[in-house]
Amino acid sequence: MSVLLQQLANGVVQGALIALIALGYTMVYGIIQLINFAHGEVFMVASYGGLATFTLLPDDLKKSPAVALPLMFVGGIVVAVVVAVIMERFAYRPLRNAPRLAPLITALGVSVFLQEAVRVFYPNAKSNLPYPKVFPEGNLTIGSVNISWTGIMLVVLSVGLAVILQTYINRSRMGRAMRATAQDPDTAKLMGVNPDRVIVLTFIIGAVLAGVAGIMFGGYLNNINIDMGFQNGIFAFTAAVLGGVGSIRGAVIGAFIIGLIKTVAGQYMPGGTQYDYVWIFVVLILVLVFRPQGLFGEPERVRA
Amino acid sequence: MSTPVLEARDVSMVFGGLKALKGVTLTLEEGKIVGLIGPNGAGKTTFFNCLTGLYTPTTGQVLLKGNVLPGDPAKVTDAGVARTFQNIRLFPSMTVLENVMVGRHVRMKQGPLASLFHGPAYQRGEKAARERSRELLAFVGLNGVEDELSRNLPYGDQRRLEIARALATDPAVLLLDEPTAGMNPQETEATQQLIFRIRETGVSVVVIEHDIKFIFGLCDSVSVLVQGELLVEGSPEVVRADPRVVEAYLGKPPEEVQHDVEAAAAAEEEQA
């Protein structure tokens, strides 16, 4: 029983991490129907950006987590946003009206490019790099369940940012513009909405969330390596599809489902953690068979 | 004579080999309602698309109050031209009120960050937009449905909602593409009254419609478009009496009709 509770707690923390990344997938898809496969790499780049920021800090600041950690967030998020904006401007915008396959292939290319770009600065990035110890230490213990304070911080950030995002999209001028563009880009233009601004804003929001995730990943697992973007990107993409691509709530709930399946199945199913992927995709396939639009997605509409 | 509020000068539009518009000129004086009629495939909607920047005319230009309109729909809206669509194009998964508020987008100032930190200026802006949107919903006669999803409204109400959304952009010129299509006589009558009331607020209107009776009862002047060309323009009385209009609508020898039908079908296909 205590093992199950512990794994459920771990699953919630992992779900929180996946949710932050999944939001970027689902928002970009909602607006321009692009599965941005490079989004996982934005998360990875942010993590390295945070690490680089820490390395550049003077020694006395490195010893002060209260200063170093916020600066790492700023550094990681700035790197993620810059990468995302350049990616949108030069890789995706020229292909806006191209057949759907073209930007998809481009996304894969951007993904490889970003991995190799990081290796220019970190030649050993294939192996684990230790992450700075500037995160809250120790555990919260409830009964037999231990959750690290960093894990709790991750859950709080993830849920908090998701709520802010949902409010932003539902209740602000730019949020309405985003939804309008997602539903009918031509008509949105005729309401004076500039689609380029809406799209770039979407990429920026996704990058900020991925940036937070990138830093917290390093803090939670203590190590980073260059494969983190691909692995977690796949989980996040799956979460977005599970929840219904384009839906904010769906992405978050999908992410927590994936996190829980991953830890619980890794514990109890044959094959252990090495097979956790398998169970995640089994669930994905089942959901797609019975509810192709995902848990919270809207059925594909036919436009008149 | 004062500068017309909207002026299309010699507008032509070519798609591949098809000349959808051949040098169409149209003048809209301030506070007037101009009707645009013509058989299917005559190029009426294409002309609207040229007026709103969705298409860039192959030749010719469009002027609003004497200034050339930019070739970008968002900027055209900002300049003061709004429209509705022949096939209703609301944002289906947004509420009625939200649809109108999207129309306010261009008149609101909050950037991406202002809306994140709900400051007083942001709150004021949102409140003003909401109030104006409610006024417009009341103006077009949509009461008590503001929280419904727009796709759940009855057909006639969707058309009125599109008009409210277009008015939310504070236009100088409103372009209505078949505003009474699919409406019963009572709804058509109500729409006519609504368009008169819109004119009273100082907005000039161009209307595309197939319902000749509706157009002649509504418009100060009527232009007839046939196969991309302006056939006749003038007051309803003049247009009604013109033998070419009678021919275009009431018929001519069968072989010519057959030819027209084929041309119209080809044009429709090209547009679609």
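Going from the start of the chain as shown, residues are counted 1 onward.
Every residue gets a Cβ built from N, Cα and C, even glycine.
What you are looking at is a predicted structure, and each value in this text was computed from that prediction instead of being measured.
Per TrEMBL, the feature transmembrane segment maps to A:12-32, A:39-57, A:69-92, A:104-122, A:142-169, A:198-221, A:233-265, A:277-296.
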| If we call contact 3 or more Cβ pairs under 8 Å (sequence gap 6 or more), are the transmembrane segment (A:104-122) and the transmembrane segment (A:277-296) touching? | no
| Non-local residues, at least 6 beyond the ends, that sit with Cβ under 8 Å of the transmembrane segment (A:142-169) | 2, 5-6, 9-10, 12-13, 16-17, 19-20, 23, 135-136, 175, 178-179, 205, 209, 212-213, 216, 219-220, 248-249, 252
| Taking residues 6+ outside the transmembrane segment (A:233-265), which of them lie with a CB under 8 Å of any CB in it? | 4, 7-8, 10-19, 21-27, 29-30, 35, 37, 39-41, 43, 158-159, 162, 165-166, 169, 182, 275-276, 279-281, 283-284, 287-288, 293-298
| message | Would you say the transmembrane segment (A:198-221) and the transmembrane segment (A:39-57) are touching, if the rule is that at least three C-beta pairs must lie under 8 angstroms and be 6 or more residues apart? | response | yes
